[in-house]
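If you look up TrEMBL, you'll see 30-438 marked as domain 'Major facilitator superfamily (MFS) profile'. Taken from TrEMBL, the feature transmembrane segment applies to 67-85, 97-115, 121-144, 156-178, 190-210, 262-283, 295-315, 327-347, 353-374, 386-405, 417-434.
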Amino acid sequence: MGARSPSTTSVTVAQSEKARRITRKIDLWLIPLLSLLYLYNGLDRGNIGNAETQGFTHDIGAAPDDLNFAVTIFFVTFVVFQPLSAAAGRWFGPQNWMPAIMFAWGVLTISQAFLNGRASLIATRLLIGAFEAGFYPTAVAYLATFYPPFELAQKLAWFYGQYAIAGAFSGAIAYGIFSIQHPFPKAWQLLFILEGVLTCVFALLAWIWLPAGPGTAWFLTKDERAFAVSRVDANVYDDGLEPAAGRLAVRDIVETVQDWKIWMVLACNICASVPSTAFSVFLPLVVQGMGYSALQANLMSVPPFVCGAVGLYLFAMSSDRRKDRGYHIVAGILVTLVGLILVLTVPTNRGKYAALCVLLFGSYVPPLLTAAWLSGNTPAPGKRAIVLGVMGLGNLAGAIGSGIYRKEYAPGYRTPLFVTLGFVSAALLGYVSYRETLKGVNRKRADVRRAKTAAECDAEERNAERYADGKWTFVYNL
């Protein structure tokens, strides 16, 4: 093999430096704002648990079990509308869709301060679930247009990590608000009003700030925009049949529905997501059951959520560097299992609290790395948007969590924790099987490629019969 010429080397170095410069700009101008938007997505989803420590359901004339039901039905609309909202995000443009739905759920969050009775609680949570549904898959698909596949997980970690930080931030905000003595509004009302108003403000900012994609990014030069588009397009499937930007083909939907591997990993994702979705709402109540006062429970919910964010980032960084998804997801699940077992077996409340930190350290890893895994393995942008929307069905875990973490199991919540242990164990077996399935598909496709000529492989790339990752020239990331 001949040595690389100095001119070729200098071009490669220049391109690498340009790529790093562009990445730094995107990191600076996009990630912080998107992370902040997702922070408010998590805050407005989980603040009802903080409000309940101050007698929320009692004050509005609802029963304690109505809280569980309200959380459950939130996830019904959240799950049902996620694929539809993800498709709408591609149709209308993520830079328009995300701010619009965010403003809507911000208004609804404010309205929770003035609820009266069970019916209004249920109706409001249904609507918030519907509007929040499309934010995450739309944002993931949006970021996938700015970053190559094996840069994506680490960037998504900064973004998705706000789901964990939201729990910590919500607990800290709630502690501050609940510490102030004031006759009106009630402490939980002020919590909803403050967080809802801030959500609306940042939605308006996002509508002004977000570009449609790397080709229109106002913070890049003309040359940088062209380079940013080309480096992502190198990983995008194109047979000439891909619909115009902002459009979906019927084939995208059909291919997603018929891809049994998607449904396999979805089942794994649901099982693995039970701890993170359940504790996003019920952690303050679980901590309160360890002997802390209502006020202390909100503050003491902060460290476990911070551990979740730290664990998520470390796993994502390692996943990108090692170009591996499956083993990192399995490792995160193992950490979660250790935490669950310790919570159930350690006799002291201090020990149980420390075990919660271990549990959350690993519990946010599977959903994030699953999204990055599927994004990298779905080269057609239209299908990718649908697949990420379908993965939103993983939030069925929230309905499971709200159904099992009921008041009747307080203060120890042992039965819900045992059920959670069962779901996470099933996820471990499922993800191992899924990775081995992809490995087997890659092996069979390698055998096919070895038997083909270069011309036949090139023809397969242009062949419209098999689509995107269905082609035998496509190799799945593991």
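Backbone N, Cα and C atoms are what each Cβ position is placed from, and that goes for glycine too.
No curator has checked TrEMBL annotations; they are predicted automatically.
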Take every residue in the domain 'Major facilitator superfamily (MFS) profile' (30-438), average their pLDDT values, and give the whole-number result.
86
Considering pairs 6 or more residues apart, do the transmembrane segment (417-434) and the transmembrane segment (262-283) have at least three CB pairs under 8 Å?
yes
Kindly say whether the transmembrane segment (67-85) and the transmembrane segment (156-178) touch, using the definition of 3 or more Cβ pairs under 8 Å where each pair is 6 or more positions apart.
no
Using a Cβ-Cβ cut-off of under 8 Å, list the residues of the same chain that are 6+ residues beyond the ends of the transmembrane segment (386-405) and lie near it.
68-69, 71-72, 74-76, 78-79, 82-87, 133-134, 136-137, 140-141, 248, 252-253, 256, 259, 262, 265-266, 269-282, 285-286, 367, 370-371, 374-375, 378, 413, 415-416, 419-420, 423
Could you tell me whether the transmembrane segment (327-347) and the transmembrane segment (262-283) have 3+ CB pairs under 8 A, leaving out pairs under 6 positions apart?
yes
